[in-house]
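The structure under discussion appears below in the form of structure tokens.
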């Protein structure tokens, strides 16, 4: 699904569109042509946790490269901060300039950066991060520095983003701190003058290097003794690096291919086939009901045979109550309005990603797009919530505006503030700055809420949704329901079918988020989203029909939490993922992990609940408008 991006990038990279490149380019795909000897900036990002020696993730906290406890070499004065997108900042990127001095095609052998004194207290901090598998994250020309690895299944080489802070192999008594970096920069020659960076590989090493006694002497990197940080005394650490420029036949347009390594594409195809089997099964059941049972019911209900009319049973008997406004319809309208907002946000984001506008080199572009689209679709939230609220008989426009603008976004904001407080308390660099939080609030109150107000005004003025049949004044008594049609069992049955259509792709998404991998298979994700919509709609319609046949007309809320019950299984999957892949050692990491899971599950509940309600609403209106009512 990257062919569109690649085509545009190839045109830019080949020079065909070079005259236009300066005036217009897609975000993150404008090439930089370096001349021989031209300075190439190496930027540093936060250190992030990875799998430890036992293949477990022990922390979700990231720490800034210039955190004083690491004692890395830093430029004089304040390091120059890079311009970052809103999504990049919110997800913990803190990118700065560095003291590394790289020049195009100029190899460097054992260059000294600085000598630092690391006290025992900070040595304990660094050793702890080495044992938890923390990684360096550097950038050169927008490409992340990577480690060259080999896939065990396919024996194919690929680039794993980041490289180790130190080594802590099983059986190793003391962690080794990596203080020497062999940097291999791959370049593609455009012509005799211009060259482009197409790959960055860093091989870190642990060397107990000593500064020469003569200040003018060169540093030797020949030491084979590892650099161990002692926690009971001060440690003298010399940081060094080497640079090797390696010509490559990779073009600039395909330089991300080695980074975007799929674990096994067959797993994604298996996920799609699994989801499609569920869809076919549900479609067959729904078709059977619609083509045989329901068609037969409608024909019998519309029959002039008086004997048949006297034997009426099932869903026709509740025609006078099925369109009765549900309890707490204000809250229902708010959830549905925000569900429309989420649906359009997700759909638009996936389309933009499919078209290739969310380049992986534009860090945080996916998060930024989702956030801005959510704010822009505040109009949809206000319009649909006010329209449904008015159709249910609501009269207070101000009340529905306030609830729509604040309830779901405010709940997510409260959970995210809790997560951010935990990040700030642990001095993690992932804690969003106050200025960024104020900026998000400004977008919320200055753009999203006015759009919600505007949408609610037009939605409230729109013609209400009139029921196709008359609503009785006195509610009908609901008979006892079989156990499988009671609220909890029916919701759990409906939720597990919907969850079954997405759980394999959910693994890749969570793996990408928590292990800092690049997720790029938006083609598969778009198809899974389509299957999710179809599955949710079909499951909810089936269960709504069963409820109506059992003379239970309370389908409004049932359709929402039957479809939204899949969020419960997503949260259970998050717990399973925690016990199988994580081993978080601090309460802060636990709060952060389950806080993010709570936000994701809340939004997923609102999204799928809305899909279920809309499908059920269309179904119920269609069948009751097809029968004759005396």
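For all residues, glycine too, the Cβ spot is worked out from N, Cα and C.
Here TrEMBL flags 269-291, 331-357, 369-389, 401-426, 438-460, 491-514, 520-548, 560-579, 591-620 as transmembrane segment.
Only pairs six or more apart in sequence are counted, and the transmembrane segment (591-620) with the transmembrane segment (369-389) gives fewer than three Cβ pairs under 8 Å, not enough to call it a contact.
Of the Cβ pairs linking the transmembrane segment (491-514) with the transmembrane segment (401-426) and spaced 6 or more residues apart, fewer than 3 are under 8 Å, so the two regions do not touch. Using a Cβ-Cβ cut-off under 8 Å and counting only residues 6 or more beyond its ends in the same chain, the transmembrane segment (331-357) has close neighbours at 1-2, 4-6, 8, 26-27, 365-366, 369-370, 373-374, 377-378, 380-386, 388-389, 392, 394, 400, 403-404, 407-409, 522-523, 525-526, 529, 556-557, 560, 603, 606-607, 609-611, 613-614. Nonlocal intrachain contacts for the transmembrane segment (369-389), taken as residues 6+ away from its ends with a CB within less than 8 angstroms of a stretch CB, comprise 86-87, 90, 329-330, 332-334, 336-338, 340-342, 344-346, 348-349, 352, 358, 397, 400-401, 403-405, 440, 443-444, 447-460, 462, 464-465.
Residues 497, 500-502, 504-505, 524, 527-528, 531-532, 534-535, 538-539, 541-542, 545 of the same chain lie 6+ residues outside the transmembrane segment (269-291) yet bring a C-beta within less than 8 angstroms of a C-beta in it.
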